[in-house]
Amino acid sequence: MASTKLFFSVITVMMLIAMASEMVNGSAFTVWSGPGCNNRAERYSKCGCSAIHQKGGYDFSYTGQTAALYNQAGCSGVAHTRFGSSARACNPFGWKSIFIQC
C-alpha cells in the first residue's frame, strides 16, 4: 500500500515538472521599436491575447505554441497572419495584437 502511494506521488511530481518545463519553454514573439530589429524590444510569451506596442521588426520563436496576429486590438476580427513555425522580419508591420495558443 505504501509503495503504491509512493509510486503515484512520484508519477504526479514528474508530470508537474514536465508541465512546468513546457510552460517555461513556450513560443515567444519579440518585437522592436526599430528601425528594423533594433532599439527597444518587448517580448510576448503568455498564452492568450496581448497588445503589440513596438512595430519596427519581429522574431517569432516557435517551440510548439502557434500564434495568430491581428490588425485590430484585442485579437478581434479575422487573424491576418498565423505562425506555425519560427519567423523573423526586420521591417515595420501593422499588427496590433497577438494570440498565442497554449
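Quick reminder: no glycine exception, Cβ is built from N, Cα and C everywhere.
The signal peptide feature in Swiss-Prot is assigned to 1-26. Residues or ranges marked as disulfide bond in Swiss-Prot: C37-C90, C47-C102, C49-C75.
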Ask   = Other than its own, how many Cβ atoms are within 10 Å of the Cβ belonging to C102 (disulfide bond)?
value = 13
Query = How many other Cβ atoms sit within 10 Å of the Cβ of C49 (disulfide bond)?
reply = 16
Query = What residues, ordered by sequence, lie under 8 A Cβ-to-Cβ from C75 (disulfide bond) and sit at least six positions away in the same chain?
reply = C49, A68, S97, I98, F99
Task = For C102 (disulfide bond) and C90 (disulfide bond), determine the Cα separation and express it in whole Å.
result = 26
Ask   = Which of C37, C90 (the disulfide-bonded residues) has the most other Cβ atoms within 10 Å?
value = C37
Ask   = What is the number of other Cβ atoms found within 10 Å of the Cβ of C47 (disulfide bond)?
value = 13
